[in-house]
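As recorded in TrEMBL:
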type	residues	note
DOMAIN	147-243	domain 'CAAX prenyl protease 2/Lysostaphin resistance protein A-like'
TRANSMEM	21-42	transmembrane segment
TRANSMEM	66-89	transmembrane segment
TRANSMEM	109-128	transmembrane segment
TRANSMEM	143-161	transmembrane segment
TRANSMEM	173-195	transmembrane segment
TRANSMEM	207-227	transmembrane segment
TRANSMEM	239-263	transmembrane segment
TRANSMEM	275-294	transmembrane segment
Amino acid sequence: MFFQRAKIGLNETWRYIVGSFLILIGWLSISSAPVVVLYIYIAIKGGTVTGDIANDALSVGLGKNIALLSMLSTFVLACLCIYFVVKYFHKKPFMSIITSRYTFSWKRAGFGFLVWFLLAMIPFYFSYQQSPEDYTFSFNPTTFIPLLLICIFILPFQTSFEELLMRGYGMQGVGLTTQSSLLALIIPAVIFGLLHSANPEVMEYGFYKMMPFYVGMGLFLGIMTIMDNGLEMAIGVHFANNFTAAVFVNMENSALATDALFMAKSYNPTKDIPYAVATMVIFLILAHLTFKWGNWNKLIRKIK
């Protein structure tokens with residue numbers, strides 16, 4: 001059991017509160033060094049400093065890939081922040097916040113990535129065939145190849161950090177404190193949504209239109225974490241989700257502004273909600289059948 005493994009080490013409630021602050025402070029201070037260095041360079045060169053890192057980088061001719069690399073690099077150090085808090089503040093093995101298994105299950109991570117990637121790309125293919133005018137295609141090897149390499153090697157740190165913090169450290173902390181699987185599912189999902197409230201998409205389309213997606217995604221990833229007793233599948237899904245958006249189909253005002261192959265000309269978050277829910281349900285059914293998850297009452301069970 002994922003929550004049983006969490007009982008290793010020091011788990012007082014105050015440690016999770018203090019530990020969360022230590023992780024966030026480390027992420028927003030030390031880990032932000034790559035972005036700070038980039039903005040110092042932009043300021044020296046007389047570029048714009050608006051907070052829109054992609055356009056600010058473009059103002060001095062650096063390109064979106066440099067902006068993306070500097071932003072994603074912060075999560076490499078952020079992952080180290082979680083490691084040190086878990087290892088030395090809670091005195092527990094780092095693997096204990098990742099999985100109930102003895103080793104990381106690459107099979108589950110691969111399943112999560114491949115299935116979610118296909119569930120995202122197959123509908124896009126039919127959408128493009130039906131309405132190609134809704135998208136702009138652009139392929140420039142000098143920008144696309146570096147983008148692909150950045151997303152293969154650096155992007156996983158960003159998606160893994162969010163899973164380690166929310167569905168790993170956070171979910172276990174809430175679960176041990178409340179002794180409720182349901183609260184351990186809901187509370188981190190809501191926090192996950194709120195942490196994305198400053199994203200450009202939220203500013204563009206509105207808080208109440210975008211929050212169902214972020215909170216819903218948090219619940220979806222939390223459900224598979226509890227049912228599968230580990231983060232591996234959620235890590236694969238989250239990576240596939242962001243990889244698809246960064247490399248294949250991007251949109252204006254995206255938090256991951258890139259030179260993707262396709263740029264969607266418009267986006268209607270309200271219209272996409274039924275599709276998003278259906279996709280999540282299909283994935284959970286496939287995962288349930290493939291890995292024989294058992295009874296769904298794990299989601300509401302009391303943690304003993």
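Here the Cβ of each residue, glycine as well, is placed from N, Cα and C on the backbone.
Because TrEMBL annotations are produced automatically, they should be read as predictions rather than curated entries.
Note that this is a predicted model, so its numbers are computed, not measured.
Across 21-42, 66-89, 109-128, 173-195, 275-294, the stretch most heavily in contact with the transmembrane segment (143-161), judged by Cβ pairs under 8 Å, is 66-89.
For the transmembrane segment (173-195), the most Cβ-contacting stretch among 66-89, 109-128, 207-227, 239-263, 275-294 is 207-227 (pairs under 8 Å). Between the transmembrane segment (109-128) and the stretches 21-42, 66-89, 207-227, 239-263, 275-294, it is 239-263 that has the most C-beta pairs under 8 angstroms. Note on the transmembrane segment (239-263): residues 52-55, 63-65, 67-68, 112-114, 116-117, 120-121, 124, 128, 135-140, 143-144, 147-148, 151, 155-156, 158-160, 196, 199-201, 203-204, 217 of its chain, located 6 or more positions outside it, place their CB under 8 angstroms from a CB of the stretch. Model confidence over the domain 'CAAX prenyl protease 2/Lysostaphin resistance protein A-like' (147-243) is summarised by a mean pLDDT of 96.
A Cβ distance under 8 Å defines the sequence-distant neighbours of the transmembrane segment (66-89), meaning residues of its chain 6+ beyond its ends; these are 10, 15, 18-19, 22-23, 26-27, 30-35, 37-38, 53-54, 56-58, 96-97, 147, 150, 154-155, 157-158, 160-161, 164-165, 168-169, 246, 256-258.
Secondary structure by DSSP for the domain 'CAAX prenyl protease 2/Lysostaphin resistance protein A-like' (147-243): 86 helix, 2 strand, 9 coil. Cβ atoms under 8 Å from those of the transmembrane segment (207-227) belong to residues 2, 112, 163, 166-167, 171, 181, 184-186, 188-193, 196-197, 199, 201, 233-234, 237-238, 241, 269-270, 272-273, 276-277, 280, 283-284, 287-288, 293-294, 296, 298-299 of the same chain, restricted to positions at least 6 beyond its ends.
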